[in-house]
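**Student:** Feature table excerpt (TrEMBL):
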- A:28-50: transmembrane segment (TRANSMEM)
- A:62-81: transmembrane segment (TRANSMEM)
- A:107-130: transmembrane segment (TRANSMEM)
- A:137-158: transmembrane segment (TRANSMEM)
- A:178-202: transmembrane segment (TRANSMEM)
- A:223-241: transmembrane segment (TRANSMEM)
- A:247-265: transmembrane segment (TRANSMEM)
- A:294-315: transmembrane segment (TRANSMEM)
- A:335-360: transmembrane segment (TRANSMEM)
Amino acid sequence: MTIETAATQGKKDLATNGSALKGNYREYGLVLALILIMLFFQYTTSGVLFKPVNLTNLVLQNSYIIIMALGMLLVIVAGHIDLSVGSVSGFIGGLAAVMMVRWQIHYIPATILCLIMGGAIGAAQGYWIAYHKIPSFIVTLAGMLVFRGLALWLLGGQSVGPFPPQFQLLSSGFIPDFFGYPGFNVTSMLVGIILVVLMIYFSVRGRAKREKHGYQGEPFTLFVAKNLIIAGIVLFLTYLLSSYKGLPNVLIVMSLLIALFVFVTKRMTVGRRIYAMGGNEKAAKLSGIKTERLTFLTFVNMGVLAALAGLIFAARLNTATPKAGLGFELDVIAAVFIGGASAMGGVGQVMGAVIGAFIMGVMNNGMSIMGVNIDWQQVIKGLVLLAAVIFDVYNKNKA
Amino acid sequence: METILEMRNITKVFPGVKALNNVNLDVRKGEIHALVGENGAGKSTLMKVLSGVYPHGSYEGEIVYNGQEQHFRGISDSEKQGIIIIHQELALVPLLSIAENIFLGNEPAKFGIIDWHVAENRTRELLAKVGLKEDPLTLITNLGVGKQQLVEIAKALSKDVELLILDEPTASLNENDSDALLALLLEFKAQGISSILISHKLNEVGKVADRITVLRDGATIETLDKQDISEDRIVTSMVGRQLADRFPQREPDIGEVVFEVKNWVVHHHIHSERTVINGINLNVRKGEVVGIAGLMGAGRTEFAMSVFGKAYGRNISGEVFIKGEPVDVSTIGKAIDHGIAYVTEDRKTYGLNLIDHIKHNTTIANLDGVSHSGVIDDMAELKVANEYRRKTNIRSSSIYQKTGNLSGGNQQKVVLSKWLFANPDLLILDEPTRGIDVGAKYEIYTIINQLVSEGKSVLMISSEMPELLGVCDRIYVMNQGRLVGEMPASEASQEKIMRAIIRAEGKAS
């Protein structure tokens, strides 16, 4: 009897471990792919990739893609797509320039108005998709044309700038250094260390809580190794960034948003309902989920994030151009799919989309430094996207 | 009699599971051979091996067909030899016509140009053979499930079938359609066509089968000849134990009326001038199991779904009372809040998120029960999922198994878990045991009994009359959107129910 119980207990733990590994297996693989790609370019660019100034650039260049990928992940998990985000971000960048430069509105109310406008655009598109069941592909394709046109009209076909210096800090600023140690931003390093400590604290606490309730998580060694590796990477990157100008403001904004969206998707009822809806809308509806409203809100959220991305991009260029945001939607959607989301809906992780965006970003950056022509860059990026999705589908069929 | 098919020592292994273990099956020419077994016993896997869905080389053992060993590498290989399989989930294209469906992938064409004239004429002949009076140009979506089944069979006939495999052909058919289908099988038999019939309905199997092979846990248990076939014998062999009683006993403890519907009228969701539910009045008491009997298309599902937050229908009128108080059930959320739950008849389409695991499916209808101000409490959720997995006896490796990979019975238990956790006062069950095996049925009846003993009430829709008679305290009979009879289960019988329906049909026409 005792033997039997022990045996079944062992089996149960094994099963939980197995599934814990299996569940995260894709995310680990993705991180590994990113690291390999980074090491590859570090080698082929003779060490330029990891230079602090380049690393800082990498963050600045990709922040707006990542921010939009957060919203796009929810849209795609909900079973939809948004093709309009590039045009919307361009339009909002133009709107910001007109308000701040031409009309001389203070940058804070102007920023808030732009974000509200983004939400309103998302709502306008989401309304047709959610309540009238017009396919999102079509509604947002129309939106893509409409807002590209409106951006052109708004700016009169010209570039408008420069922005007020405080607004530029959104993209080009770094968190202030209170220590004044030459050549090293101590505040940034401290922020990095505090972050790592918090991360480990929550991780250990979560594990202790699971064990208190009698559920075994991943094996202890794996747990320790995982935390050490992540802590090491974060500290190393923080160190590199600190030895240049410190942590960019936009990295802070981005990190907070990533943390928020991970929390929403993993821990909040709203997030869970979006996954349920994407997995089987009819079943979700019959379980009492207000699927229409949820779809609508997903697009409102996307609109706000597209607006924020547009503001960051405009602040970075310090001018709004009618062409801003052209083709962004493709990078954003590619990032989400490389990150493992399913085009059928219901599947996808925030961290996957973020890593997917970084994979695209590092490839852009690395190939540019190597001097690969823009034409071949496109070809290679396309093939990587295809390979990532084929890999996913293959694995799913094998399982 | 000569043997047409012999499957010898078939073993099929999936990662971690031995789905088939040295299975043997032989089918004689012109016989109806039934294949029975609980869900997950390996029936469908065996048929997939036979039809080449799992190609030669992915399994061990050999298939001898018409005296020759076969190495099927895909369905087209086996179809060429006259082996046609009709799956439980029909594979027709809804927006194409009957003729287009029958000749899909097999069109009578010259240089790629389809000769529709030939196709339509041949379709007419085939439809006559299966006894379906429909125009070849009718779209599939306009046919009922029973007729669609016949179209599938006509399609099989178009391919010169020698061995017809039917996977649960009558699972979603009413009694009349089922009988017609079985008669058709007998007719084919007379023409020398062999059939393999997979079915959970043992009375049907007993009616038409010449021999029965029983599978259990991926192994052949025995093959019975016609004279040895009895329901008890099959059941014993299937579950490996004596199932003393098909329905668990219960001492009814019935209280006051908790749920009442008055003058309920519902119109069709597209053709809003058509009345689907026409003035229904019914009630359910505390601790009572009330059944709704009726033929397919009587409006039972439509009624249940319209009560459940207007999930079906238009221009709905009437009143719902809970414990004597009129309540607003105009949205699904409100219906759930008022303690109503509806367990769908179609668990794959309406019941489960098949790409997600058991845990998430269990809590989705009552996330508030495991969360505080919108934040889910992981530990509480884990506890709930494990608790309900145990309560409803879901067989899975853990709560992290995808519901899409569970057998039908276990899927049904996940849907039940979801609604049990929502803690309703009234649970509406729509065909709760459709397509699931005897053992799982018994478990579901046990859950129902447990529920009413806790003071809940159950409204159960079922097309299996023995089940209604065995489980319910009181039975309503519905026909064409009206209630045409009400009787205590103790006075009810299959004949009485049928008589009520037929009498109503007579009045209606």
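Heads up, the Cβ atoms here are built off N, Cα and C, so glycines get one too.
Unlike curated entries, TrEMBL annotations are predicted automatically.
Would you situate these features in the structure and describe their surroundings?
**Tutor:** Same-chain neighbours of the transmembrane segment (A:107-130): 80, 82, 84, 88, 91-92, 95-96, 99-100, 136, 139-140, 143, 147, 163-164, 166-167, 291-308, 310-311, counting only residues six or more beyond its ends whose CB sits under 8 Å from a CB of the stretch.
Note on the transmembrane segment (A:247-265): residues 56, 59-60, 63, 66-67, 70, 73-74, 77, 169-175, 185, 188, 191-192, 238, 241, 271, 274-275, 305, 312, 349-351, 354 of its chain, located 6 or more positions outside it, place their CB under 8 angstroms from a CB of the stretch.
Only residues 6 or more beyond the boundaries of the transmembrane segment (A:335-360), in the same chain, are considered here, and those with a CB under 8 A from a CB of the stretch are 26-27, 30-31, 33-34, 37, 62, 65-66, 69-70, 72-73, 76-80, 258, 261-262, 265-266, 275-280, 381, 384-385, 388-389, 392.
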**Student:** For the transmembrane segment (A:28-50), could you work out the same-chain residues 6 or more beyond its ends whose Cβ comes under 8 Å from its Cβ atoms?
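**Tutor:** For the transmembrane segment (A:28-50), the list is 240, 338-340, 352, 355-356, 358-359, 362-363, 365-367, 369-370.
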**Student:** Any chance you could find the range in A:62-81, A:178-202, A:294-315 with the most Cβ pairs under 8 Å to the transmembrane segment (A:223-241)?
**Tutor:** A:178-202
**Student:** I need to check the long-range neighbours of the transmembrane segment (A:294-315): which residues 6 or more away from its ends have a CB within less than 8 Å of a CB in the stretch?
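**Tutor:** Same-chain contacts beyond the ends: 63-65, 67-68, 70-72, 74-75, 78, 80, 82, 84-85, 88-94, 96-97, 111, 114-115, 117-123, 125-127, 129-131, 136, 163, 167-172, 250, 253, 257, 270, 273-274, 277, 324-325, 328.
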